[in-house]
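Copied from Swiss-Prot, the annotated features are:
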ACT_SITE  20  active site, proton donor
BINDING   28, 98, 120, 121, 122  substrate binding site
């Protein structure tokens, strides 16, 4: 059995294949995902698992050099924005319109669906390098 934090086989596989500048998205239960993007559906109930639980888990194994958030999170979900900034205090943030984020999902290695039920709880993680 795998000993590291990410034990979901699909999620672990995607993280293992990430290269520099590749993107992985984590999002709420309502985010529409293009059919061309792999969807790893972890949602089992409202709020389970939460966005932050999944983000924290992924960050145990993925080197992130930049994050992308919807501009709308600033007004519509400031608590989540604060939590993300606290978890990634030194990571540059680029804010983009939510509609642009939805389009950008087509360029992600995968989208990880959580059970999160709060607005604009979506993030694009840009992979960095560990050297």
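Just so you know, glycine gets a Cβ as well, placed from its N, Cα and C.
The maximal spread of the substrate binding site, taken as the longest Cα to Cα distance among 28, 98, 120, 121, 122, is 13 Å. Distance between Cα atoms for the residue listed as 'active site, proton donor' and residue 121 (substrate binding site): 24 Å, as a whole number. Taking the mean position of the Cβ atoms of 28, 98, 120, 121, 122 as the substrate site, the remaining residues of that chain whose Cβ falls within 8 Å of it are 27, 30, 31, 70, 72, 73, 77, 101, 116, 118, 119, 123. Cβ contacts within 10 Å of residue 28 (substrate binding site), excluding its own Cβ and spanning all protein chains shown: 20. Neighbour density around each Cβ, counted as other Cβ atoms within 10 Å, peaks among the binding-site residues 98, 120, 122 at 122. In sequence order, 27, 28, 51, 73, 77, 80, 114 constitute the residues six or more apart from residue 121 (substrate binding site) in its chain with CB-CB distances below 8 Å. Look at residue 122 (substrate binding site): DSSP puts it in coil.
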